[in-house]
Structures are given as C-alpha cells and as structure tokens.
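Okay, so here's the structure we're looking at.
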C-alpha cells in the first residue's frame with residue numbers, strides 16, 4: 001500500500017545537507033525524518049497522507065480513494081544483486097545502481113531511514129541492511145549508505161561521499177552521491193529524481209572530469225552549482241567503528257577559477273590515495289558490535305569522535321561576473 005501511495009505523489013520534496021530537527025527544509029520545501037523506526041507508526045502515516053493532500057492536485061480525493069481500496073496492485077520487491085567473482089567491476093556497479101533505482105525515489109515527504117552522519121560505520125551498515133529488508137523508496141543520503149553496504153565486498157573499488165550545493169531562483173538545494181574509483185577511473189552511484197544526477201559509469205579519468213559532468217547536468221536544469229564537498233575513502237570493513245569523513249575538502253566554486261578548482265581536486269585525489277596505505281582501527285569484538293547496532297532496534301550507538309584532517313581551503317575569493325537568473329515568478333525546478 002505504501003508504494004502505491006508513493007507512485008501517486010508528485011515530485012516536490014528535497015534533500016537535507018545534515019540531520020537536525022524533525023522537520024527539515026531544503027529549497028524552502030519541508031519534509032520529515034521517520035525517527036520511530038519500523039513498523040511505521042500511525043502519526044507518521046497520517047503526516048504522509050496530509051502531504052499527499054497538500055501537494056497533489058486532487059490530494060484529498062486521491063488519499064481517500066487509495067485508503068479505501070481493497071485491490072491495490074502488489075508492488076514487486078527488488079532482489080539484492082548477487083555476483084560471480086569473475087563479474088567485471090563496471091557491470092557489478094551497474095547492477096547495484098539498477099537495484100537502487102528499483103527501490104524508487106521517495107516522494108512521500110518523509111525520509112524513512114534516519115541517517116546520522118556522526119554514527120560509526122558499523123551502525124550505518126545496520127541501517128543499510130534494514131533498507132534491503134524493508135525495500136522502501138529512498139532519498140539520496142540513504143542511497144549513499146546503501147551503496148557503501150553493497151560495495152563492501154569489492155576491495156578493488158574505493159568509495160567516497162561527494163555532495164553538491166546548487167542555487168535556482170534564490171533558493172539553495174543539496175544533493176549527495178557516492179563517488180567510486182577503480183582502475184584509474186571515477187564514477188558515481190546514487191539516487192535522484194533526475195536521471196543524470198545519480199549514476200555515472202567508471203569512465204572519468206580525473207575527479208575534475210566527474211565534477212564537471214555533474215556541473216553540466218545541473219546547468220541543464222538551470223541550476224548554478226555553488227559548492228562541492230568531498231569526503232575521504234570509506235573503509236570496506238562493515239564492523240568498523242570509524243566515522244565517515246564527509247567533508248575533507250569543501251570547495252566554493254564562486255571563489256575558485258577553473259584551474260584552481262582542478263588543482264584542489266587533484267590534491268584531494270592524492271590525499272585519498274595516501275589514506276589507502278594507513279591501517280584502519282581494529283573492528284570491535286562481538287559484544288561491542290551489539291552495542292553499536294542499528295538505532296532503529298535499540299539504544300543509540302556511542303559516538304566515537306576521531307580527529308579530522310585539516311580541511312582544504314577553497315582559495316582566495318575571485319570576483320566573477322554572475323549571470324542574471326531568469327525571472328521564473330517563484331517557480332522552483334527541483335533536482
């Protein structure tokens with residue numbers, strides 16, 4: 001029944017940059033986080049129905065029709081992809097992206113899985129397992145965690161968070177994908193309402209090439225890319241108590257020339273390569289793993305703070321001529 005509702009909802013909500021209060025806003029559009037776990041409680045259900053009534057042209061009538069129906073079609077549950085050891089890495093990644101896409105983008109106004117970026121990796125992997133069990137629609141941050149989980153068994157693929165801040169008609173929008181690197185090529189996995197703002201095949205020679213590819217996609221929707229944040233490589237150990245380093249480099253595109261941006265991205269690439277040779281902290285024992293389990297099934301996991309590498313500056317501010325945005329009468333193109 002839930003996915004039948006999802007399929008009936010127009011695209012309106014947006015992604016958060018970070019977790020915060022129960023009601024989140026991005027681009028001026030509110031949405032909520034399901035903090036009650038599963039099964040979804042009655043209050044969360046009613047809030048989602050109110051969202052349908054608010055954003056859909058015939059929302060109230062549609063909600064009553066769906067809630068009163070007894071013959072809703074059964075929605076197929078995607079199967080987690082399995083592979084042979086000889087499966088080429090690009091094909092493997094395409095299968096993972098296909099699975100993420102089949103879960104569908106979440107248009108309900110409520111993010112089903114609570115992702116706290118400060119949690120240790122082991123707790124986030126427990127949430128990813130929950131995603132595969134529930135098989136519910138997800139948003140971009142959830143897709144990053146799921147992508148990490150599904151690529152843990154691929155030691156030849158390095159993964160890192162890659163997030164964007166864009167602007168359109170006076171509002172700012174946030175998005176994140178999982179950058180991947182293998183065989184000297186970059187690509188990305190993710191979820192978006194826009195096909196060209198999620199998956200990128202392993203065909204980009206440099207990080208600059210990958211970022212420019214996303215920049216071009218944003219321009220296709222009249223969005224101006226303002227900031228890019230790039231994290232460090234993430235451990236393949238699903239029981240690691242490390243925290244993901246989400247923002248090792250924070251680059252303000254308004255303050256960087258194209259050549260300066262290229263140098264910063266090349267520097268970040270070298271920093272990521274240096275991390276590969278550093279030993280990771282030992283995985284917790286069985287008792288420790290139980291303590292750091294999923295927040296949806298027990299007490300909050302302890303937060304282990306680690307020192308951050310000094311973030312890269314985005315360079316001295318450059319005076320750039322800004323093109324006047326078209327007067328869209330308040331209309332928002334959401335990505």
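Any Cβ shown, glycine's included, is placed from N, Cα and C.
What you see is a predicted model, and the numbers here were worked out from it, not measured in a lab.
Residue environment of residue 140 (active site) contains 25 other Cβ atoms, counted within 10 Å of its Cβ in all protein chains. As annotated by TrEMBL, active site applies to 140 (among others).
Of all the Cβ atoms in the protein chains shown, 28 others lie within 10 Å of the Cβ of residue 175 (active site). What TrEMBL lists as active site is 175 (among others).
Among the features that TrEMBL reports, active site is placed at 192 (among others).
Taken from TrEMBL, the feature compositional bias 'Acidic residues' covers 11-24.
The compositional bias 'Low complexity' feature in TrEMBL is assigned to 293-304.
For 1-29 (among others), the entry in TrEMBL reads region 'Disordered'.
The region 'Disordered' annotation in TrEMBL covers 267-335 (among others).
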